[in-house]
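Asks: One structure, pasted below without further comment.
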Amino acid sequence: MTFADNSRGRAAIEQLLRQGTHILAEAGVESPRREARLLLQHALGFSAEQMLALSPRSEVDQARYLTWVARRARHEPFAYITGQKGFWTLDLAVSPASLVPRGDTETLISCVLDHCPDREAPLSVLDLGTGSGCILLAVLSEYPQAQGVGVDISPQAAALAAGNAVRCGLEARAAFMAANWMDALAMETRFDLIMSNPPYIPSHDVTELMPEVRNHEPVRALDGGHDGLDAYRLLCAGLPSRLTPGGLGVFEIGIGQEASLRALAVENHLEVVEVRADFEGIARAVVMRRQAI
Ligand code: GLN
């Protein structure tokens, strides 16, 4: 390898980065240089550490990289392009069958850790609208004696979640099924924890979401009906007959929905134990307990 070859190699990589950055910037992607670099990293099959030591001789599959840049320029979520997303401590596979797991949703996991301090508790957990399985799998990863069921109306999402359980080594304690909310559960089955990040965007707001979300993520996982509360009505009504005594419901909520959730809790004889904000200070997780009546 001559010096000239080396500098040509480096120039090619830098040229690709510049080209990718330009295309993404033109498309209005927020951090174009960063994303172009991450797509290049993915096209090279490199880790972040390898990327720091990027060799001028590194061979990149240009066609693959540029196809990914073009997809990102159409505002496809980054995680759908790379097919993976980190959630809590887990590395999960993602696909358009489910929402991309979000950092906000980790608020639910931190609530569970605080309200169920015994990590050895043999908790039974239900995750409704499980999507990628992120919530259930994160909880199971923290409670080695817990087991759980994830339910999603989309068979593709249930299959994705089941694959993620295997990917995380949690398949012995996690079962997934395609069903409508609690419909498929046997009448007598009760859970210590019922969790959900249900669709909660009011229908008329869905078209105003960022293009990554409105054009690429499953609308069924977003659209919560006219006031965004359809799923919560159903979930809150179901909690009293589905929770074990002392069991908790832990739900994600959208901006401005805290008061409505509190009202639904009262209607269904549920006590709101905590409403926790996400890192942006937005009320994001509601923890409820069945009231003794
Ligand atoms: N937080 C999501 C978003 O707006 C919505 C998720 C949901 O409806 N459950 O990006």
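Glycine is no exception: its Cβ is also placed from the backbone N, Cα and C atoms.
So TrEMBL says this about it:
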type	residues	note
DOMAIN	15-83	domain 'Release factor glutamine methyltransferase N-terminal'
DOMAIN	121-205	domain 'Methyltransferase small'
BINDING	Gly129, Thr130, Gly131, Ser132, Gly133, Asp152, Trp181, Asn197	S-adenosyl-L-methionine binding site
BINDING	Asn197, Pro198, Pro199, Tyr200	substrate binding site
Asks: Let's see if you can do this one: DSSP helix, strand and coil counts over the domain 'Release factor glutamine methyltransferase N-terminal' (15-83), in that order.
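Replies: For that range the per-state counts are 47 helix, 0 strand, 22 coil.
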Asks: Output, ordered by sequence, the same-chain residues six or more apart from Gly133 (S-adenosyl-L-methionine binding site) with a CB under 8 Å from its CB, or 'none'.
Replies: Leu92, Asp127, Gly150, Leu160, Ala161, Ala162, Asn164, Ala165, Ala174, Phe176
Asks: If I take every residue in the domain 'Methyltransferase small' (121-205) and average their pLDDT values, what number comes out?
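Replies: That stretch averages a pLDDT of 97.
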Asks: Relative to the Cα of Trp181 (S-adenosyl-L-methionine binding site), which of the binding-site residues Pro198, Pro199, Tyr200 has the closest Cα?
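Replies: Closest candidate to Trp181 (S-adenosyl-L-methionine binding site), judged by Cα separation, is Pro198.
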Asks: What is the number of other Cβ atoms found within 10 Å of the Cβ of Ser132 (S-adenosyl-L-methionine binding site)?
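Replies: Ser132 (S-adenosyl-L-methionine binding site): 27 neighbouring Cβ atoms within 10 Å.
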Asks: If you measure from the C-alpha of Thr130 (S-adenosyl-L-methionine binding site), which of the binding-site residues Pro198, Pro199, Tyr200 fall inside 10 Å?
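Replies: Taking Pro198, Pro199, Tyr200 one by one, the ones whose Cα falls within 10 Å of Thr130 (S-adenosyl-L-methionine binding site) are Pro198.
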Asks: Just counting, how many other CB atoms are there within 10 A of the CB of Trp181 (S-adenosyl-L-methionine binding site)?
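Replies: I get 17 for this one.
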Asks: Other residues near the substrate site, CB within 8 A of the CB centroid of Asn197, Pro198, Pro199, Tyr200?
Replies: Gly129, Ser196, Ile201, Ala221, Leu222, Gly224, Ala231, Phe251, Glu252, Gly254
Asks: Cβ under 6 Å from an atom of ligand 1: which of these binding-site residues qualify? The list is Gly131, Trp181, Asn197, Tyr200.
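Replies: Within range of ligand 1: Asn197, Tyr200.
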Asks: Considering the binding-site residues Gly129, Gly131, Pro198, Pro199, which residue's Cβ sits among the greatest number of other Cβ atoms within 10 Å?
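Replies: Selected residue: Gly131.
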Asks: What whole-number Å value do you get for the CA-CA distance of Gly129 (S-adenosyl-L-methionine binding site) and Pro198 (substrate binding site)?
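Replies: Pair distance, Cα basis, whole Å: 6 Å.
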Asks: Measuring Cα to Cα, tell me the gap between Pro199 (substrate binding site) and Ser132 (S-adenosyl-L-methionine binding site) in whole angstrom.
Replies: 14
